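Data block below; observations after.
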């Protein structure tokens, strides 16, 4: 790994950690007074997501006055982490689109094209993934999820080859486009944390947008992505990669796509229930959020 990429990884890790610790809580408390009434564990997740749109302050206050008085430490941690997640998703997602549309070298040679811009984007993501793994480790009792640890490790394993050898820039960039669905997932969590009714038009609209965005950037792209992958098999460029890079590339992509399909199923089922009015309310009128337990965490 070149010094530039190493500096970006370290800078990204430190930057997101500082954002989590200082900027996100300040922004949230300034723009949304209801944030201060969240329990400690909801606030952490909130801030980790300001990588999303913050709900209307007045509506947040009115909703909170009806029932939310204090959130647990778990919710506080989640709030902060979700703000960070949204910032990361927007930065990386837009950078991905720029590379896809304007980086001719990468598009012309998807396996060995000039990886400079892609490596910068991947380095930012690796720093974020390391930050998020540290956050999960430090708050495992409340935020720990082996599902996301597997997701992060698979991504880091594959991106390590991009940073150290500069290979597969097109495919690495293509995978990162999936981040564009993250802000909608985080926004859904914000609505839930602030006690918005699931039938509220904003919640329903965001739920539909989340399902559509998730499908477009994580599921619909699978056929063209794998068609591009298969087109490289047997070529001199593919053979030049070596077995290690080939295995890291294919295995990590398969693992990530399996996780995305599972998440898509949960999102689609939850979206269908909300739209049809069968939102799965349990006895006593409390809505069940089982279908979103995984996608509501650190899905990056």
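Even glycines carry a Cβ here, placed using N, Cα and C.
Positions annotated as transmembrane segment by TrEMBL: 6-27 (among others).
TrEMBL lists 74-276 with the feature domain 'TLC'.
Marked as transmembrane segment by TrEMBL: 83-102 (among others).
Look at TrEMBL and you will find 122-140 (among others) tagged as transmembrane segment.
The annotation transmembrane segment is assigned in TrEMBL to 147-164 (among others).
Residues or ranges marked as transmembrane segment in TrEMBL: 203-226 (among others). When Cβ-Cβ distances below 8 Å are used as the criterion, the transmembrane segment (203-226) is approached by residues 171, 174, 177-181, 184-185, 187-188, 191, 196-197, 253, 257, 260-261, 263-264, 267-268, 270-271, 274-275, 295 of the same chain, each at least six residues removed from its ends.
Long-range contacts of the transmembrane segment (246-265) within the same chain, counting only residues at least 6 positions beyond its ends with a Cβ under 8 Å from a Cβ of the stretch, are 147, 150-151, 154-155, 157-158, 160-161, 168, 171, 175, 178, 214-215, 218-219, 222, 225, 229, 238, 294-295, 299. For 246-265 (among others), the entry in TrEMBL reads transmembrane segment.
Residues annotated as region 'Disordered' in TrEMBL: 279-300.
Residues annotated as compositional bias 'Basic and acidic residues' in TrEMBL: 288-300.
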